[in-house]
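Beneath this line is the structure, given in structure tokens, with notes to follow.
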Amino acid sequence: MGCTMSQEERAALERSRMIEKNLKEDGMQAAKDIKLLLLGAGESGKSTIVKQMKIIHESGFTAEDYKQYKPVVYSNTVQSLVAILRAMSNLGVSFGSADREVDAKLVMDVVARMEDTEPFSEELLSSMKRLWGDAGVQDCFSRSNEYQLNDSAKYFLDDLERLGEAIYQPTEQDILRTRVKTTGIVEVHFTFKNLNFKLFDVGGQRSERKKWIHCFEDVTAIIFCVAMSEYDQVLHEDETTNRMHESLKLFDSICNNKWFTDTSIILFLNKKDLFEEKIKKSPLTICFPEYSGRQDYHEASAYIQAQFEAKNKSANKEIYCHMTCATDTTNIQFVFDAVTDVIIANNLRGCGLY
């Protein structure tokens, strides 16, 4: 008789089961909402990753996007050439042919009149082609680690003929290669593997960092981008600071921040294509004087990875590292797939469901 449950007890047990069921459902829903924060120093490739998410997980760029990026392509191309011309003067590099002085003045005048976002006139296009083919300009370009130059300078300047066509329309790759400084916070939403992603890109320059703070709450994972190819370059904002050293310092402050004790950290060692070319001719000892390995992509990139992993002071925190090329859609698709699997496993574990 004592084993029979009273009506109240049965109701209480049913209530308890319902609460447990609801909690589990809430946990599963929480595990489906993923908030990713893209961090990293300026020009590390964060905005390119955001563009890739639009290509891979949304319907790509809209007709309006293509229209809006056209003047950006023109401007990036002209401004890249101007950056080289200004550096020639500072580095004491002369033109291969004295006739290029006239062409250089024409290009400089276009920028002075703020016409660099407009389609190239025939005169401007001819001048730019002659300048880009000049031995002195190429010599100065080969020393681009000594001044500030857009990574995509060669990509655009090698293709002046196509960009100068009257019917020119940007391609997907052109848009991925454009450089516009991110100010404020860019947010992208998409669904992948039955998960709802919110991806936040915040300005990487030092002056922008104070704007990150309110994004930090409830972050599932941080994707930290590093431009591997910048080991021999200095910052825009402070020309005495090595870019790789700045990235390491920033990574240290993010990785060991008390807010991120339980946050997955994914490290994208980006611009691997540029790094692979550069490491053949520019020694890693510029950034890491103690490096005694070979000037070889695999050995040098493994050394850089180890420097970042060594900043992690927590025995319980794992850093998930990937070598990436943000302008390569196939590479980013593959890497993001792997990243998502890690997030799913960690998230389910955190909700007690794995």
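Every residue, even glycine, has its Cβ placed from backbone N, Cα and C.
Per Swiss-Prot, these features apply:
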{"type": "LIPID", "residues": "Gly2", "note": "N-myristoyl glycine"}
{"type": "LIPID", "residues": "Cys3", "note": "S-palmitoyl cysteine"}
{"type": "DOMAIN", "residues": "32-354", "note": "domain 'G-alpha'"}
{"type": "REGION", "residues": "35-48", "note": "region 'G1 motif'"}
{"type": "BINDING", "residues": "40-47, 176-182, 201-205, 270-273, Ala326", "note": "GTP binding site"}
{"type": "BINDING", "residues": "Ser47, Thr182", "note": "Mg(2+) binding site"}
{"type": "REGION", "residues": "197-206", "note": "region 'G3 motif'"}
{"type": "REGION", "residues": "266-273", "note": "region 'G4 motif'"}
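Structural mapping of features recorded in Swiss-Prot.
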{"residue": "Ser47", "record": "Mg(2+) binding site", "contacts (Cβ under 8 Å, 6+ apart)": "Val180, Thr182, Val186, Asp201"}
{"residue": "Leu176", "record": "GTP binding site", "contacts (Cβ under 8 Å, 6+ apart)": "Thr48, Lys51, Gln52, Ala326, Thr327, Thr329"}
{"residue": "Asn270", "record": "GTP binding site", "contacts (Cβ under 8 Å, 6+ apart)": "Ser44, Gly45, Cys225, Val226, Ala227, Met228, Thr324, Cys325, Ala326"}
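The binding-site residues Ser44, Thr182 differ in how many other CB atoms lie within 10 Å of their CB, and the one with the most is Ser44. With respect to Cβ neighbours within 10 Å, the binding-site residues Val180, Val202, Ala326 differ, and Val180 shows the lowest count. Across the region 'G3 motif' (197-206), mean pLDDT in this model comes to 78. Helix first, then strand, then coil: DSSP counts for the region 'G4 motif' (266-273) stand at 2 helix, 5 strand, 1 coil.
Annotation note: Val180 (GTP binding site) sits in a coil segment as assigned by DSSP.
Using a 10 Å radius centred on the Cβ of Gly40 (GTP binding site) and all shown protein chains, the other Cβ atoms total 25. In terms of DSSP helix, strand and coil, the region 'G1 motif' (35-48) has 3 helix, 5 strand, 6 coil.
Val202 (GTP binding site) falls within a strand segment according to DSSP.
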